[in-house]
Structures are given as structure tokens and as C-alpha cells.
Amino acid sequence: MSNPAAVTAGRGSITHVIFDMDGLLLDTEKFYTEVQEIILARFNKKFDWSLKAKMMGRKAIEAARIFVEESGISDSLSAEDFLVERESMLQDLFPTSELMPGASRLIKHLHVKNIPICIATGTHTRHYDLKTQRHRELFSLMHHVVRGDDPEVKQGKPAPDGFLAAARRFKDGPVDSQKVLVFEDAPSGVLAAKNAGMNVVMVPDPRLDISHQDVADQIITSLVDFKPEEWGLPPFEDSN
């Protein structure tokens, strides 16, 4: 599913690409879901995707506040205590992170074609290192990485801070926002990219409410389905 008019408008103008990470390049969102389901089960509550959608892409403390308030457990568990409890479980899961389908192919393709690429993620440095430790060679192809604990990121998504910081750090930056293509899976991330004035391709989890998807310029079900030439980028040279 895509917006043909938006894709046509962006054709030929993209010079730089920014990737989100969790749920887009790495299959880590399942870890958050698993741990949060365990925590809520103690309070006889269930973790649903409407709540997850509100948390995705945000800074940890912001997501934690949403979690305890929206689930109705804030009187029993503070956002800070939730993060401490969640952290102990996630530490063991993050090093097992797997790449999402199509991620390696797209990153390597853009790198070989000399398209500057980077990451803008809400993940803090300590978690970034754990999540990427099995894939360091691939992630080393990024020109730079902007993380959630970066001093220039005053506000998390949907604020544009992370994406604007990422655009500034490219060689000869800042890059014109209209020439940047962002890949995101989270509703808050899509809004952040649009708030930064950038083009955005959304690769949502199929369980996300479709109402969250009308802001993106293009929607695809997997990075495998992305056609670079639709955005004026060099086409893939293989048929996989």
C-alpha cells in the first residue's frame, strides 16, 4: 500500500536515507512486548497493541509513563520502577536480536551505491550496543548513529529532534529535509519524520491499527518490498 502521488513527488529528489532501528532493522519489538506482557500479568491485565502503538519509538521514560498510566497500574508501579524491572529482563534478550527481512540487503545496496545512510533511534547507547553486537559489520556501514541519549535529542519522537540531528551530521550537512527518506515502523516515528519535513516510508507491524498509517508517504509490508527506483535511488541489481 502506498500513496502514488507522494511517491511521484519524491521521485528523483532523495539523496540521503535515515533508518529507525527497533522493529525496522532489528526484530526487537517482540522483546518489549514479551516483557511487558509478563509485568502486566502480575496485575491481571493484558498488554494490547493500541497501548504498544503509543509507546513505540519514544524515549524510555516517556514510554514507561504511558505504559503505567494507560494500563491503570501507576498507583502500584511507577514509571521508574517499571523501567528497572523491565531492564533486568531485556538485558538477556537484546544480544539475541535478529535482522528484519530485507534489512541487510537494503543497507548494503545503499552503501555500495554511495547513498549516505544513518540511524536515528530512541534506543540509548547501552541498549544499542547490546542489540547490534551480533551485526556490527552491517551497522558499521552507517555514516553515523543518533541515539535516544544524544544531547541534541531534547525530546523523543514524535518530536523531530532525532531526525533533524541526523540530517545535520551527514557530510556537508545539514541536508535539505525534502531530500531525506526515512524508514520507520512506529506511528510516533512517522510523525517525527513528517515534523522534520522529511519523506517517510512506513513498514508497520500488521497488528498495528491501520488508522495510524495515513501520515506516511508510502507503506510497505516489508523492507523486501521496497523499490529504490520509486524514490530516484539506484535500483537493486538482483531479483531477490
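Note: Cβ is positioned from N, Cα and C throughout, glycine not excepted.
What Swiss-Prot records for the Mg(2+) site is D20, D22, and among D176, D185, D205 the residue it adds there is D185. Annotation for D22 (active site, proton donor): spatial neighbours T28, E29, Y32, M56, G57, T121, G122, T123, K131, D185, A186, criterion Cβ-Cβ under 8 Å with sequence separation of six or more. The record gives D20, D22, D185 for Mg(2+). Within 8 Å of the mean position of their Cβ atoms, the other Cβ atoms in that chain belong to M21, G23, L24, L25, E29, M56, G57, T121, E184, A186, G189. There are 23 other CB atoms within 10 A of the CB of D185 (Mg(2+) binding site), with all protein chains counted.
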